[in-house]
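Participant: Sharing a structure here in structure tokens format.
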């Protein structure tokens with residue numbers, strides 16, 4: 001596991017964007033695993049700027065997002081589908097058919113979970129996976145207690161996670177109770193993983209990860225077993 005400490009959010013975003021830039025330049029048809037929330041916004045802005053500067057192309061890139069809310073329409077301003085288009089996809093030349101997010105509106109959610117993992121496998125697996133980390137150590141929407149061998153599944157969100165995400169909704173009560181998320185084992189199958197975290201609230205989780213204790217009570221700790229993980233973090237002051 002490689003640790004990179006940064007001084008600012010912008011520096012974190014630039015360092016992470018550089019890793020993704022090099023991946024796409026090395027393999028133009030890369031399969032990328034993407035995340036949502038506040039942590040990756042700056043990195044996506046960097047990637048759009050570098051695309052506009054002619055440094056990379058998304059023409060043959062495929063993307064798979066970690067998660068989506070259950071029961072929220074894709075057209076909703078708070079959906080991760082909308083988030084990804086507003087922050088990245090609308091600013092680059094990615095093909096719509098190469099964009100994949102779990103379908104939280106599927107009639108058969110269990111079948112959608114299996115189909116999502118199958119789509120990732122059919123694409124050749126994820127080359128580079130981006131992660132954030134929750135204050136309780138969740139990755140994707142894999143909350144404490146999630147089995148390490150979990151694949152894409154339906155989860156009930158904890159109160160702390162719903163509170164974290166309430167800023168994206170008009171009312172905290174509007175935050176969905178359930179989500180569809182890539183499981184911890186789904187994430188661990190990625191060839192390379194980059195986790196980004198910045199700010200005082202995230203640092204307690206980073207310190208727990210640094211402790212080296214692996215437990216299902218702290219989902220991100222399973223990353224310690226992955227052979228190719230980079231942690232980009234800062235904001236302790």
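Backbone N, Cα and C define each Cβ position, glycine as well.
Here's the feature list from Swiss-Prot:
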type	residues	note
ACT_SITE	67	active site, proton acceptor
ACT_SITE	136	active site, for ring-opening step
ACT_SITE	138	active site, proton acceptor
ACT_SITE	143	active site, for ring-opening step
Participant: Within its own chain, what residues at least 6 apart in sequence put their Cβ under 8 Å from the Cβ of residue 136 (active site, for ring-opening step), listed in sequence order?
Facilitator: 143, 144, 158, 160, 161, 205, 218
Participant: Same-chain residues six or more away whose CB lies under 8 A from the CB of residue 138 (active site, proton acceptor)?
Facilitator: 144, 158, 161, 219, 220
Participant: Work out the three-state DSSP category of residue 67 (active site, proton acceptor).
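Facilitator: Looking at the DSSP assignment, residue 67 (active site, proton acceptor) belongs to a strand.
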Participant: Under a criterion of Cβ-Cβ distance under 8 Å and sequence separation of at least 6, what residues of the same chain contact residue 67 (active site, proton acceptor)?
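Facilitator: When sequence neighbours closer than 6 are ignored, residue 67 (active site, proton acceptor) has 36, 80, 102, 140, 141, 179, 180, 181, 182 within Cβ distance under 8 Å.
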